[in-house]
Ligand SMILES: Nc1ncnc2c1ncn2[C@@H]1O[C@H](COP(=O)(O)OP(=O)(O)OP(=O)(O)O)[C@@H](O)[C@H]1O
Ligand SMILES: N[C@@H](CCO)C(=O)O
């Protein structure tokens, strides 16, 4: 491939953890950010952002998308070109839907395309994981689908997790932010053996439950002892929304990524009722949420 002057990269939102899979499993959703990069021969940086939360995105060198772009050039040991970046935001910021992963993946993929793809997809992935610090958002954002990542001796093993077509994700996105760093600060640095065993068993059950679409297994499997018990205090109305979702027919409900978005898994028959119940429950707590059913994105980042 040859060097090009402009590229547009589309990157999906992701929902990480899925209950017991803390820091190792995530799924790409059909909700997107679009990033256009145009080489500027005179040098410099300009960033323009459109979309609902446009004014919340940094437009200077600290912009995460640009930081990922720079990281690519550092990695290939070349001087970065001047660039004009146009961001069209579709993924809400700091809500637990992988907005930072879209920026990291978007910046790396765009730079790689501009330079004629000197890096392989798996090299881009390794760099994205190193930047984000955990794989569960950047891997599905790059590759699409539901993915489990495990660090091996030399690198990462990525496993494609089959997702039964009857399972519908419903996301309830509240009108407040929760940064991942804040949501990680409340977690203990050590866990008990009992909690480790609990999550190991539940993640195993979840993988098989997702594959065959068995409601009882998914219901049990969505429980977690490693992060949700500590984080739910950061999300007002968590218990009420959980009860409403399950009463309306959800298999279960979890925190999407680091929150505050809540994710219910259900079937087609119940998805509308589950969405309405989650919205109403949060409204009763004084929180307005954008609640919607989203299907899985299977393509990942595309340019
Ligand atoms: N499109 C973007 N362009 C530039 N920076 C972005 C963009 N999207 C997100 N960011 C940066 O990432 C921050 C949000 O990252 P954070 O990890 O806290 O949340 P998240 O990635 O949305 O949620 P989670 O990691 O729980 O799924 C924003 O405050 C902003 O600094
Ligand atoms: N696994 C990460 C996802 C959010 O980036 C966490 O829960 O902190």
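Cβ coordinates come from backbone N, Cα and C, glycine included.
Keep in mind it's a predicted model, so treat the numbers as computed, not measured.
Here is what TrEMBL records for this protein:
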DOMAIN    63-145  domain 'GHMP kinase N-terminal'
BINDING   92, 93, 94, 95, 96, 97, 98, 99, 100, 101, 102  ATP binding site
DOMAIN    213-283  domain 'GHMP kinase C-terminal'
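Features recorded in TrEMBL, as mapped to the structure shown.
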residue: 92; record: ATP binding site; CB count, 10 Å: 22
residue: 94; record: ATP binding site; CB count, 10 Å: 22
residue: 96; record: ATP binding site; CB count, 10 Å: 30
residue: 98; record: ATP binding site; CB count, 10 Å: 33
residue: 100; record: ATP binding site; CB count, 10 Å: 23
residue: 102; record: ATP binding site; CB count, 10 Å: 31
Setting 92, 93, 94, 95, 96, 97, 98, 99, 100, 101, 102 aside, what same-chain residues sit with their Cβ within 8 Å of the center of the Cβ atoms that define the ATP site, listed in sequence order?
13, 91, 257
With DSSP as the reference, give the number of residues of the domain 'GHMP kinase N-terminal' (63-145) in helix, strand and coil.
46 helix, 7 strand, 30 coil
Could you give the number of helix, strand and coil residues in the domain 'GHMP kinase C-terminal' (213-283) as assigned by DSSP?
40 helix, 9 strand, 22 coil
Take the domain 'GHMP kinase N-terminal' (63-145) and average the pLDDT across it for me.
98
